[in-house]
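S.K.: Can you read through this structure? Questions will come right after.
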Amino acid sequence: MPLQLTDEKRDANGAATPTDEGHTSPSTTSLEEQKSTKQPSIWRQAYNIITWTPPRCRWDPQKPPVFSMPLNVLFGFAGGFTVANLYYNHPILNILADEFNVPYEKVSQIPTVMQAGYAVGLLFLCPLGDLLKRRAFVCSLVFFTATMWYARISPIYESDLLMWEPDRIGLCITSSLPVFTAISFITAVTTVTPQLMLPLVGDLAPPHRRAAALSIVVSGLLLGMLIARVLSGTITNYTSWRNIYWFSLGVQYVIFALLWLFMPDYPSTNPGGLNYFKMLWSILVMLTKHPVLVQACIIGFFTASTFTCFWTTLTFLLAGEPYNYSSLVIGLFALIGIASMFLGPVYARVIIDRFVPLFSVILGEGICLIGVVIGTYTGSFTVAGPVIQAFFNDLGLQTSQIANRSAIYAIEPKARNRVNTAFMVATFCGQLVGTAAGNHLYARGGWIASGSYS
């Protein structure tokens, strides 16, 4: 007779006794009730909200998203006012020195710290774009940056011990220079979202429109670099310096809302996963495999160095003889570059998309060289020289950058974020060299010496 297992209970004599179906012990019921009533943490709820995708933005391989002009402009706007975070402090360093009651030398470390944070983000966050879904990644970084902009830590000194109020952290209202500097570094690390959106544009835009689409986003980045200085100097001149950070706080949340509503989802280019450290190492390996990437990095390095050399030493030139311009007038020089940015997308559509990128790279370098020659050897006696150089520098830099990106994004479609990381690290190093060398040469030989170096 086969052994049958039943749910029956038996008494001491072996007789079966009825059981209550569905009856569970009090401890089991309690555990189940706890599981059913347990609410997700606030961090989990925030993550679920940030990563939720509206139906119209969800990825459908049968009907991939169309990269429209409004979406392209949104990416340009988001990139411009995100990268602007790095430059709001440049025209107001003297005001910050007074606010925090410290020497100017201490405040001057803030731009350096932010550039270092941006470099960290470029090197260690941007490659993750080849592994993660970029919509969720970008939205998370923008939301984090905006939130850090507001939270504040105020120092309280008690018995020679430094204590902190954890509910007041951020750049908008902090009263501590070390905290301001530390949070500036953190926000600079997460301000690399434009460098995640550019490779995504390379994925979404059709090949025959790739350069034109990239040019709109690159124009937004350059506009953000320039407009940040103008806005910061103007707002601080008429109101409090803190208002520029409140302005940025609002813009960051607007960018987050717009990207959350309209940024299309796009699958990971490496859904099988990648080892993070091997992924970083592969950036160096790519430099040994693709000569066009090495060429783009070298050109980007030297072009960026001449760009930052000019804008760094221009302040010294215009503040001294024979011009003696105010800081507000010097800041308005940044508006000169806006005209060239409007020409960039048109040029990319007509020229870069139709010819090999190298043609536009050479043309862009030629434009930069003409501007440098005119500005260097006429700038000491007429303001027309720096004006012409500002226009030609911006146009030439934009032209060569767009053409270089168009070329390098075609080499490894599944590694566009790492390709972009290599290019941007080289460009960033060029900016640092141009700033350091330009200041040194200007101190030694003046405007003509620094311009001749360029």
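Residue 1 is the first one shown; counting continues down the chain.
Quick reminder: no glycine exception, Cβ is built from N, Cα and C everywhere.
The region 'Disordered' annotation in TrEMBL covers 1-40. Annotation comment: TrEMBL describes 1-12 as compositional bias 'Basic and acidic residues'. Sequence annotations record features per position, and here TrEMBL assigns compositional bias 'Polar residues' to 24-40. Among the features that TrEMBL reports, transmembrane segment is placed at 66-88, 136-157, 177-200, 212-232, 244-262, 292-319, 325-348, 355-377. Per TrEMBL, the feature domain 'Major facilitator superfamily (MFS) profile' maps to 68-454.
Tell me what's around each of these sites.
M.R.: Non-local neighbours of the transmembrane segment (177-200) in the same chain are 75, 78-80, 82-83, 85-86, 89, 96, 100, 102, 106-107, 109-110, 113-118, 120-122, 125-126, 129, 134, 137-138, 141-142, 144-145, 148-149, 152-153, 155, 169-171, 214, 217-218, 220-221, 266, 405, 409, 416-417, 419-421, 424; each lies 6+ residues outside the stretch with a CB under 8 Å from one of its CB atoms.
Beyond its flanks by at least six residues, the transmembrane segment (212-232) meets 67, 72-73, 75-92, 194, 197-198, 201-202, 204-205, 241, 244, 247, 331-332, 334-335, 337-338, 341-342, 344-345, 347-349, 352-353, 394, 397-398, 401-402, 405-406, 409 of its own chain at Cβ-Cβ distances under 8 Å.
The list of residues near the transmembrane segment (325-348) in space but at least 6 beyond its ends in sequence, with Cβ under 8 angstroms from a Cβ of it, reads 91, 211-212, 214-216, 218-219, 222-223, 226-227, 229-230, 233-234, 237, 314-315, 318-319, 360, 386-387, 390-395, 398-399, 402.
Same-chain residues lying 6 or more positions outside the transmembrane segment (355-377) and placing a CB less than 8 Å from one of its CB atoms are 211, 299, 303, 306, 310, 347, 385-386, 388-393, 395-404, 406-407, 447-448, 451-452, 454.
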S.K.: Could you tell me what the rest of the chain brings near the transmembrane segment (292-319), counting residues at least six beyond its ends with Cβ under 8 Å?
M.R.: 286, 325, 327, 329-330, 333, 361, 364-365, 368, 372, 375, 379-380, 383, 386, 389-390, 393, 396-397, 400-401, 404-405, 407-408, 411, 419, 422-423, 426-435, 437-439, 442, 447, 450-451, 453-454
S.K.: The domain 'Major facilitator superfamily (MFS) profile' (68-454): mean pLDDT?
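M.R.: Across the domain 'Major facilitator superfamily (MFS) profile' (68-454), the average pLDDT comes out at 85.
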S.K.: Grab the same-chain neighbours of the transmembrane segment (244-262) for me: Cβ-Cβ under 8 Å, and only residues 6 or more beyond its ends, written as numbers and ranges.
M.R.: 50, 54, 57, 70-71, 74, 77-78, 81-82, 84-85, 88, 92, 135, 138-139, 142-143, 145-146, 149-150, 171-172, 231-232, 235-236
S.K.: Going along the chain, which residues at least six beyond the ends of the transmembrane segment (66-88) come within the CB cut-off of under 8 Å?
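M.R.: For the transmembrane segment (66-88), the list is 111, 114-115, 118, 142, 145, 187-188, 191, 193-194, 197-198, 200-201, 204-206, 209, 213, 216-217, 219-225, 227-229, 231-232, 244-245, 248, 251-252, 255, 258-259, 262-264.
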